[in-house]
Amino acid sequence: MLYNLLYPLSSDITVFNVFRYITFRSAWALATALLVSIVVGPRFIAWLQRLKCRQFIHEDVTCHMSKAGTPTMGGLLIGFAVTFSVLLWADLRNPYIWLTLLVFTGFGFIGFLDDYTKLRRRNNKGLTASAKFLWQVGVAVAAMYLLVQLPAYSTKLAFPFFKGLTPDLGWLYIPFAVAVMVGSSNGVNLTDGLDGLAIGPTIVAGIVFSIFIYVAGHSQIAGYLQVPYVPGVGEVAVFCGALVGAGLGFLWFNAYPAQVFMGDVGSLSLGGTLGFLAVLCKQELLLLVVGGLFVVETLSVILQVGYFKFSGGKRIFRMAPLHHHFELQGIPESKIIIRFWITSALLGLIALSVLKLR
């Protein structure tokens, strides 16, 4: 909004020329979302407590019983901070901004329904898996249908580490991208089991994709680094800045011991958005590296369930997702969280190295 209001005046007031720089607005989007989260956070948490929006703990995770009653649906705080900051600092004429907000709010709405169902039933049973999946696919298909209508966007798939290997998937690109978004959404959701565990890697991924998106939207840099050029997509770096800022602000209250949990309204929206960011900058396959922690957590659940069925009741892990396995081994929660954050940061650095390793 500020860009649309003030930048046109830059010919008369030269200081407003600074608004044309995406890096400037991304930095301020980060700062704004962070400040909004920290300022609004205490009152928001108190509001959740008054509404009795409290976390119900799965009975199998006995070591978490002390967390019962902690306010949940903190993802609404993230959603407010991100949306406010993006509307303030982004170029609102850019279609990629509105599509990203559509995905962010769409997946967030699914998470809200899931959380609300749990609160009404007063247990941790929300939407059925099939209902949640269908909602996720619906939002992802709608977003992808609108995205491929944009003339500047292509259905080519880029392969990391390989120059010029960009096959055009045609109509097959839509189901592929939908799978990326839905898988990412569920991956973050499964990882959100310890205080600050999911938001840390999400912040790392937000930083990494802000760089990839800025590069993809800059013709000269994209050409030099030989990454797919997507005209206009660089503006989404402002959204990434807001996402990182809101994530840091939420971590202020979600760090161990957590004062609030993000709930599915947070994890589903963040995961779906990370998947969409990967799609926007044509780094869908690289999401496996950037979000490697989410991939491992998801695979641990798939392997556990599959092995349990085919082995007649045996298990690979003491409990899935993987972070619960480490908990049952006696590793302190705070140590698990920090180690996962470190792993996520290393994966982020590996992903960024792809910019030169071609």
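Yeah, the Cβs are placed from backbone N, Cα and C, and that goes for glycine too.
So that you can see what the record holds, here are the features copied from Swiss-Prot:
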- 28-48: transmembrane segment (TRANSMEM)
- 72-92: transmembrane segment (TRANSMEM)
- 96-116: transmembrane segment (TRANSMEM)
- 133-153: transmembrane segment (TRANSMEM)
- 164-184: transmembrane segment (TRANSMEM)
- 196-216: transmembrane segment (TRANSMEM)
- 233-253: transmembrane segment (TRANSMEM)
- 260-280: transmembrane segment (TRANSMEM)
- 285-305: transmembrane segment (TRANSMEM)
- 335-355: transmembrane segment (TRANSMEM)
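Within the same chain, residues 1-4, 25-26, 28-30, 32-34, 36-37, 40-41, 44-45, 48, 53-55, 98, 101, 104-105, 108, 111-112, 115, 235, 238-239, 241-243, 245-247, 249-250, 253-254, 260-267, 269-270 sit at least 6 positions outside the transmembrane segment (72-92) and bring their C-beta atoms closer than 8 Å to a C-beta of that stretch. Sequence-remote contacts of a segment are chain residues at least 6 beyond its ends whose Cβ falls under 8 Å from one of its Cβ atoms, and for the transmembrane segment (335-355) they are 160-161, 194-197, 200-201, 204-205, 207-208, 211-212, 215, 225, 227, 256, 286, 289-293, 323, 326-327. Contact between the transmembrane segment (96-116) and the transmembrane segment (28-48) does not hold: fewer than three of their C-beta pairs are under 8 Å, each pair 6 or more apart in sequence.
Take the transmembrane segment (196-216) and the stretches 133-153, 164-184, 233-253, 260-280, 285-305: counting Cβ pairs under 8 Å, 233-253 has the most. Packing against the transmembrane segment (133-153) from elsewhere in the chain are residues 95-96, 99, 102-103, 106-107, 110, 113, 127, 173-174, 177-178, 181-182, 185-186, 230-233, 268, 272, 275-276, 279-280: each is 6 or more residues past its ends and has a CB under 8 Å from a CB in it. Panel annotation: around the transmembrane segment (164-184), residues 103, 107, 133, 136-137, 140-141, 143-145, 147-148, 154-158, 226, 228, 271-272, 274-276, 278-279, 284, 287, 291, 294, 298 of the same chain, lying at least six beyond its termini, place a Cβ under 8 Å from a Cβ of the stretch. Most Cβ pairs within less than 8 Å of the transmembrane segment (233-253), among stretches 28-48, 260-280, 285-305, belong to 28-48.
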